[in-house]
Amino acid sequence: MNNSLSPKAIRELREETCNPLGAPQVTTDLSENIIMTSLDDLHNWARLSSLWPLLYGTACCFIEFAALIGSRFDFDRFGLVPRSSPRQADLLIVAGTVTMKMAPALVRLYEQMPEPKYVIAMGACTITGGMFSADSTTAVRGVDKLIPVDLYLPGCPPRPEAIFDAVIKLRKKVGNESILERNKAEQTHRYLTVKHDMKLVFSENTGEYLNKKSEKAIKSSDLEMIEENIKVKIEENLIDEETK
């Protein structure tokens, strides 16, 4: 009987005997309830809307960040929940000048944060040392010499709107990265800013101005002569007034 059947009929007969229920068909309702994604995308999607920052403020830039807590800006809508413990945070926001004595504490806080973790350098003093980078021997010339920085936010100080823009850009970075690539890009060496290129500036006060006749120190004898001349002029003025 099989010899008289066509190949198509034989395949259909084989499917009926092997699978009597038939091939399952994916309905429209079932397709709307299935999400196809990768582990990296699912992991990044869960993290980008729940960044928990650790606020490390040492100077005036942190005052601008404190304005975000109020109802006018309301940074809670971005899922930012400030934490007081580095073990519960995944975002470190450094705002203000970092000194040599505070550098070990900052590095310790960063190392206590669990992976994956991110850093935002906020303000000119945090990024380059700011106005203290010219002649200060205690200011760190850039926090990226201590810990790896993911996003730089320049300004003195940055506006709250700029902080929001930095958070949005960081969320885009979080949503496009891979876990394995993130581990490969971790910093393995750290170089502290202990040597500064300082230059000697000579004093402009050389004392040459004292040699000028117009700026010489007045002697006591000269003061007596000036007082006598003033008295004489006063007496002459009094005599002129009496004669009038």
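Glycine residues also receive a Cβ, built from the backbone N, Cα and C atoms like all the rest.
What Swiss-Prot records for this protein:
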- Cys60, Cys61, Cys125, Cys156: [4Fe-4S] cluster binding site (BINDING)
Additional residues around [4Fe-4S] cluster, ordered along the sequence, whose Cβ is within 8 Å of the centroid of Cys60, Cys61, Cys125, Cys156: Ala59, Ala95, Gly96, Thr97, Gly123, Ala124, Thr126, Gly130, Gly155, Pro157
In three-state DSSP terms, the structure that Cys156 ([4Fe-4S] cluster binding site) belongs to: coil
Residue among binding-site residues Cys60, Cys61, Cys125 with least C-beta crowding, 10 angstrom cut-off: Cys60
Nonlocal residues around Cys156 ([4Fe-4S] cluster binding site), in sequence order (Cβ under 8 Å, 6 or more apart): Cys61, Gly123, Ala124, Cys125, Gly130
